[in-house]
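Just below is one structure, and these are the notes that go with it.
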Amino acid sequence: MYGIEYTTILIFLTSITLLNYILKSITRMMDYIIYRFLLIVVILATIINAQNYGVNLPITGSMDTAYADSTQSEPFLTSTLCLYYPVEASNEIADTEWKDTLSQLFLTKGWPTGSVYLKEYADIAAFSVEPQLYCDYNLVLMKYDSTQELDMSELADLILNEWLCNPMDITLYYYQQTDEANKWISTGSSCTVKVCPLNTQTLGIGCLITNPDTFETVATMEKLVITDVVDGVNHKLNVTTATCTIRNCKKLGPRENVAVIQVGGANVLDITADPTTTPQTERMMRINWKKWWQVFYTVVDYVNQIIQTMSKRSRSLNSSAFYYRV
């Protein structure tokens, strides 16, 4: 009887010792694997340069400021550049080979053939309906026109900032704007926007909610409308929904992979919506030339300096996606 008990105890102690040895062996093996893995990660991290999409650069820039005309020593081998220009530029140049010529000129500044895309738009109004900015860097050329100054300012505000937008059902709901960053953005072939502010009893202030003719008109037959109303007040809206889509949008911050180059005009357009803030010229630049070839030559000369005022992003702007960052 005692022999059986001693044997049981001996087996138990032996099992514990063996288990302890196995656990220590596994621990040493795991430590070896983990330390080796970390060593490999550290070595690779020093070799590989990863793209950081979260860098916020201090953005200033105006072609009114004197920049040194020089070529970057490091070519942008892994980036794409989109240059948007009005159709009047190609009409004036009237040369079927002009894009090839321009591509070769960009090559002298370090931009390989195939990395620069030249995209044409009809006019400011048409470009406002569905701006699509898909390249790593996007330069938009806008010819100054005193009759379209406000349209240019709205378009610049749209494409130079990131917006988070949601659809609005204006037939069922009232809407209010919560702060200065909250705007209603309407786009379409023809947008007429009317608003009626409401009091706490949901009665119209200076208007009848049942009669859109009494509403205040904030836009008439435009292609892009950024509507700003009194914050914290409910509004009944009337929009030409057959030809226009309105969205409730929140400005998230600057879209740093886009720059606007204004061609002509006495001063760079100010896109500041809030009158209490300092005027903004972030990534808004101006050059003055009568001929479009001179404009393109200047863009090529200064393209690398302009890119330095921007930040490469993986996001794109697409109106069909409610301008949301994708």
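Residue 1 is the first one shown; counting continues down the chain.
Yeah, the Cβs are placed from backbone N, Cα and C, and that goes for glycine too.
Secondary structure at GLU216 (Ca(2+) 1 binding site), as computed by DSSP, is strand. The Ca(2+) 1 binding site annotation in Swiss-Prot covers ASP95, GLY206, THR214, GLU216 and rests on sequence analysis.
In three-state terms derived from DSSP, GLN177 (Ca(2+) 2 binding site) belongs to neither a helical nor a strand segment and is classed as coil. The Cβ neighbour count for GLN177 (Ca(2+) 2 binding site), using a 10 Å radius over every protein chain in view, is 21. The Ca(2+) 2 binding site annotation in Swiss-Prot covers GLN177, ASP228, VAL229, ASP231, ASP301.
Under the heading disulfide bond, Swiss-Prot lists CYS82-CYS135 (among others). DSSP assigns CYS82 (disulfide bond) to a strand in the three-state reduction.
Under the three-state DSSP scheme, CYS249 (disulfide bond) falls in the strand class. Taking all protein chains in view, 24 other C-beta atoms sit within 10 angstroms of the C-beta of CYS249 (disulfide bond). Sequence annotations record features per position, and here Swiss-Prot assigns disulfide bond to CYS165-CYS249 (among others) based on sequence analysis.
According to DSSP, CYS191 (disulfide bond) sits within a strand segment. Among the features that Swiss-Prot reports, disulfide bond is placed at CYS191-CYS244 (among others), with the record citing sequence analysis.
The disulfide bond annotation in Swiss-Prot covers CYS196-CYS207 (among others) and is backed by sequence analysis. Counting Cβ atoms from all protein chains shown, CYS196 (disulfide bond) has 23 others lying within 10 Å of its own Cβ. DSSP assigns CYS196 (disulfide bond) to a strand.
Per Swiss-Prot, N-linked glycosylation site is recorded for ASN238 (among others). Other C-beta atoms found within 10 angstroms of the C-beta of ASN238 (N-linked glycosylation site) number 18, with every protein chain shown included.
Per Swiss-Prot, the feature N-linked glycosylation site maps to ASN318 (among others); the stated evidence is sequence analysis.
Residues or ranges marked as signal peptide by Swiss-Prot: 1-50.
With THR214 (Ca(2+) 1 binding site) as the anchor, the candidate recorded positions are CYS82, ASN238, ASP301, and the one with the nearest CA is ASN238. Taking the Cβ of CYS244 (disulfide bond) as reference, residues of its chain lying under 8 Å away and at least six apart in sequence are, in sequence order, SER186, THR187, GLY188, SER189, SER190, CYS191, THR192, VAL193. The closest partner of CYS82 (disulfide bond) among the recorded positions, by CA position, is ASP228; the full candidate set was CYS196, CYS207, ASP228, ASP231. According to DSSP, ASP228 (Ca(2+) 2 binding site) is assigned to coil rather than to any helix or strand.
Using CA atoms as reference points, the recorded positions ASP95, GLY206, CYS207, GLU216, ASN238 were checked against VAL229 (Ca(2+) 2 binding site), and the closest is GLU216.
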